[in-house]
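Written out below as C-alpha cells is the structure these notes cover.
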Amino acid sequence: MGCSMIAAGATALAVSNLRLRRLLGGSVRRGRPRPAEIMKLARVGIPLSGTLLIKFAVLGVITYATVRTGTREAAAHAILYAIMGPLMFVSLSVAQASVPEVARAHGVREVRSVTRAALTMAVIGVAVGGSLLLAFRDPLVTLFTTDDGVRTAVLGLAWLMVVMAAVDGTQAVVAFGLAGLKRSSWSLGSVAAGYGMLATAAVPVAATRGLAGLWWALIANSALLIVLQGGGFLRHSARTDAAPMPHPG
C-alpha cells in the first residue's frame, strides 16, 4: 500500500508540473524564490495542513472507538468509509475548484455567489450519488463482504453515511471558501474546536450508543463545522473589497 501511495503521489506531481509548464510557457524552476510570496502561501497552506492533521488524528480515535464495539462493527465502519470516499469526490472537487474563483471574485456579493454555486453543485452531486448508492446498496455491499452480520450493519447505516457525506461535503466547500479568502486560520480554529470535542466524546459514545451513535457524532461534528466556518466566511466575505480590479491589457 505504501508503494502504491508513493506511485500515486509521484504521478500527481509529474502531471501537475507538466500542466504548470504548459500554463507558464516554461520551466516552473525559472526565477529566484520570492520570500514574500512564499510567506503568503504559507499563511494559507500551513493552517490548511493543520486542519488535515487534526482531522486524521481524530479519525484514528474514531477507529479505535469503533474497534472497542466489536470486530463486525469495525469492519462495517471501514466499509462505510470506503463507500463514502467516492461519494465525496464531487463535493471535494467542487470545493477545490471554487478556491481560485473565490480568490478572483470582487466584492461580497460575487464572493458569496461563487460559494453558493459551489454548495449547490456539491449537494446535488452527493444527492444523486447517494440515491444511486442506496438503490444498489445490496449488490454493492456484497462486493466488500459476505459476512451476514457485517452486511446487516452496513445496510442499516448506509443512509447515515449518505447524510454524513452531504454534511461533510458542505463544510468542505465552506472551508475552501475561507481558503479562497486567505482566511484558512479560521478553519483551523473551527476544526480544532469541533474535532477536539469529537475526540473527547468518541469512546463514551461508542460504549453507550454503538456504531450508529458514532456516525451521529460525526454528522453533528460536521454540522458544527458548517456553523463555525460559515460564520467566519460571512464575516470575512463582508470585508472583501467591492471595487473591481483592473483587467490587464
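Any Cβ shown, glycine's included, is placed from N, Cα and C.
Keep in mind that TrEMBL annotations are predicted by a computer and have not been checked by a curator.
Summarising the annotation, TrEMBL assigns transmembrane segment to 44-66 (among others).
Look at TrEMBL and you will find 78-97 (among others) tagged as transmembrane segment.
Positions annotated as transmembrane segment by TrEMBL: 117-136 (among others).
Listed as Cβ neighbours of the transmembrane segment (156-179) (distance under 8 Å, sequence separation of 6 or more from its ends, same chain) are residues 44, 48, 51, 76, 80, 83-84, 87-88, 90-92, 94-96, 98-99, 102, 111, 114-115, 118-119, 122-123, 125-127, 129-130, 133-134, 137, 141, 186-187, 211-212, 215-216, 218-219, 222-223, 225-226, 229-230, 232-233, 236-237. Annotated transmembrane segment per TrEMBL: 156-179 (among others), in sequence order.
The list of residues near the transmembrane segment (186-207) in space but at least 6 beyond its ends in sequence, with Cβ under 8 angstroms from a Cβ of it, reads 47-48, 50-51, 54-55, 57-58, 61-62, 64-66, 68-69, 175, 178-179, 213-214, 217-218, 221, 224-225, 228-229, 232, 236. Annotation comment: TrEMBL describes 186-207 (among others) as transmembrane segment.
For 213-234 (among others), the entry in TrEMBL reads transmembrane segment. Proximity of distant same-chain residues to the transmembrane segment (213-234), defined by a Cβ-Cβ separation under 8 Å and at least 6 residues beyond the stretch ends, is recorded for 62, 65-66, 69, 77, 80, 115, 157, 160-161, 163-164, 167-168, 170-171, 174-175, 177-178, 181, 183, 186-187, 189-191, 193-195, 197-198, 201-202, 205-206.
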Within-chain partners of the transmembrane segment (44-66) [C-beta distance under 8 Å, separation at least 6 from its ends]: 73-74, 77, 175, 179, 182, 184-185, 187-188, 191-192, 195-196, 198-199, 202-203, 205-206, 211, 214, 218
Beyond the flanks of the transmembrane segment (78-97) by 6 or more, those residues with Cβ under 8 Å of it: 118, 121-123, 125-126, 129-130, 133, 140-141, 144-145, 150, 154, 157-158, 161-162, 164-166, 168-170, 172-173, 175-176, 215
